[in-house]
């Protein structure tokens with residue numbers, strides 16, 4: 001006679017390993033499964049490196065990565081965030097050609113909008129700020145795209161659109177991008193960047209100041225040249241006030257430049273004025289002899305449009321630069 005087991009469900013209470021085949025949905029895993037997003041991020045980082053790093057920013061790859069950053073990476077990340085790949089094979093909203101075309105259009109729009117924003121903020125449309133702005137858009141849109149790809153099982157909510165094909169939706173998207181691009185261009189033309197002037201200081205021959213040039217014996221002077229470039233749309237009368245300040249008297253925002261030499265008060269050394277035509281650069285050679293022989297001296301150049309105030313300071317100057325001089329034994 002066969003003995004029946006005491007418990008037919010002897011294995012029912014055995015522990016079952018949970019989530020054995022559960023896919024890794026961490027951001028890093030999502031990035032590994034998304035080589036297209038990883039490529040867009042790599043292009044943005046490389047473009048930033050070639051735009052900012054002193055050693056490589058004048059090399060040929062800078063042009064290539066800059067072109068990809070302006071016309072591909074941010075737009076691709078934005079389109080990837082708006083149109084993530086579908087979970088089902090036949091449900092992809094965009095094919096490769098459509099995604100590439102929309103990426104170029106979106107990148108042009110993002111670049112134009114970034115340029116307008118930099119101009120409005122008075123930063124200026126220069127390679128480094130523009131590269132950082134486009135990289136910020138690329139990183140943000142890539143994060144959204146990866147977050148959506150980490151949820152492949154999430155059902156897609158769609159509004160029924162009877163009779164509207166994918167081609168019709170793409171046409172609407174292209175038209176919307178074109179209208180937005182025209183609007184951005186029109187805003188840029190109607191709101192030109194605010195005019196400004198640039199101020200710089202160099203040696204008398206125009207070369208950069210070296211450590212030796214900034215180290216002088218008491219009573220000696222150094223030959224310098226201050227340069228003012230008028231980037232405004234009209235002739236402007238500029239005034240440059242040169243102020244010497246000892247190291248122990250760091251300039252407070254409201255400190256005036258009217259003290260007497262030999263004290264801790266700032267001392268005015270020079271004052272230059274000239275009418276500068278639009279687009280012209282005014283170079284004014286001069287000599288500077290810091291009046292504080294026992295201290296490191298900070299020589300400040302304060303630029304004013306038209307007449308300066310009675311108490312010129314860094315806080316009320318339109319532009320300012322400074323140079324440190326160190327006194328040595330004669």
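Cβ atoms are placed via backbone N, Cα and C, with glycine included.
Remember, predicted model here, so these are calculated numbers, not experimental data.
Under the heading domain 'DUF1616', TrEMBL lists 41-325. Look at TrEMBL and you will find 37-56, 63-83, 103-123, 130-150, 170-190 tagged as transmembrane segment.
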Winner by Cβ pairs under 8 Å against the transmembrane segment (130-150), considering only 37-56, 63-83, 103-123: 63-83
Same-chain residues at least 6 beyond the ends of the transmembrane segment (63-83) whose Cβ lies under 8 Å from its Cβ atoms: 36-37, 40-41, 43-44, 46-47, 50-51, 93-94, 99, 102-111, 127, 130-131, 134-135, 137-142, 144-145, 148
